[in-house]
Amino acid sequence: MTDIGMESNELSRKETKSKNEISSASAQVAEHYNAVPQKGVAERTSSRIFYLRNFNNWIKSMLIAEFLERLQKEICSKATVLDLCCGKGGDFLKWRIGNVGHVVATVLFQFLDIASVSLEQCEKRYKDMKARENPRRPLFSAEFIVADATKDRLIDHYCDRFIKFDMCSCQFSLHYCFESEKQARKMIQNAVERLKPGGYFIGTLPDAERIMYCIKNSKNGTYTNGISCLMYGDVEALKDSIYRPPIFGALIHFSLDTQVNCPEYLVHFPVLERLLADCGLKLVYKKRFPDAFEYYINERNGRALLGRMQALEPFPPVDDVK
């Protein structure tokens, strides 16, 4: 996995025509995430990917905290945030801890009423947090949008179309838009179109180079390690020793324990950087997760948070986590 931070300069206002077609791959992704059941604490802790999920969440927590801290020092005290591809609102606690002022939450795909299931759970999470808020530290305000950020222009869905964001966060979702160049450009336009000068676009996404290394060094274009499985979409093409994946539409099928089993797309990072540069953003940094761990572990109480979030698996492992 890779995490990224981009800083806004002058943003492009160029519009592209919005279309309504939804790809079958997009529908599969939306159906999958809506089908993942909400689990209790006991069931989650017995999962084989319990520590992996917590580690990924720790990375997100540290990334978000760093750039909210930068914003507080540079341009604002209570950020306005676009939570792009918010899923079921898993980062809402991070926004509360970061003392943001307003969050616009949007799910990834629109396919009939599929995406609305996730958004309903997201809204419920917010209402539950609102009911428990401390009057001395009010919870951020929020609005919720069902739209396909790879096809639709989000500005047409905002309560205030002239809203300005201090930060856009897109966690573990940006790679889905690389199904095509048109979708990638639309997603990036939505991410940065209303970003303030000096604002940040942050995110996490799979490491395409590492994925292709694993696949190419496996049999029959499929890599597996017991809890995860990576299968390249065009196995026949891999037989060519000089084959390189296409820039857009490089399909892989990814499974992680019983939690994920849906089509995803590889992101060639220099292409992503170029697309963002075309919109006036410059790279702050990108780090693979092992490097991000070293970077964050001694920053902002990272080590203590790692323990509280149970983000590292003990050795020998706990008996009921296999």
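In case you wondered, yes, glycine gets a Cβ from its N, Cα and C as well.
Listed in sequence order, the residues of the same chain lying 6 or more apart from Gln171 (S-adenosyl-L-methionine binding site) and placing their CB within less than 8 Å of its CB are Lys60, Cys85, Asp91, Gly203, Thr204. Residues annotated as S-adenosyl-L-methionine binding site in TrEMBL: Lys60, Cys85, Asp113, Asp148, Gln171, Tyr176.
The compositional bias 'Basic and acidic residues' annotation in TrEMBL covers 10-20.
The average per-residue pLDDT of the prediction over the domain 'MRNA cap 0 methyltransferase' (47-322) is 91, rounded to a whole number. According to TrEMBL, the domain 'MRNA cap 0 methyltransferase' annotation covers 47-322.
Here TrEMBL flags 1-20 as region 'Disordered'.
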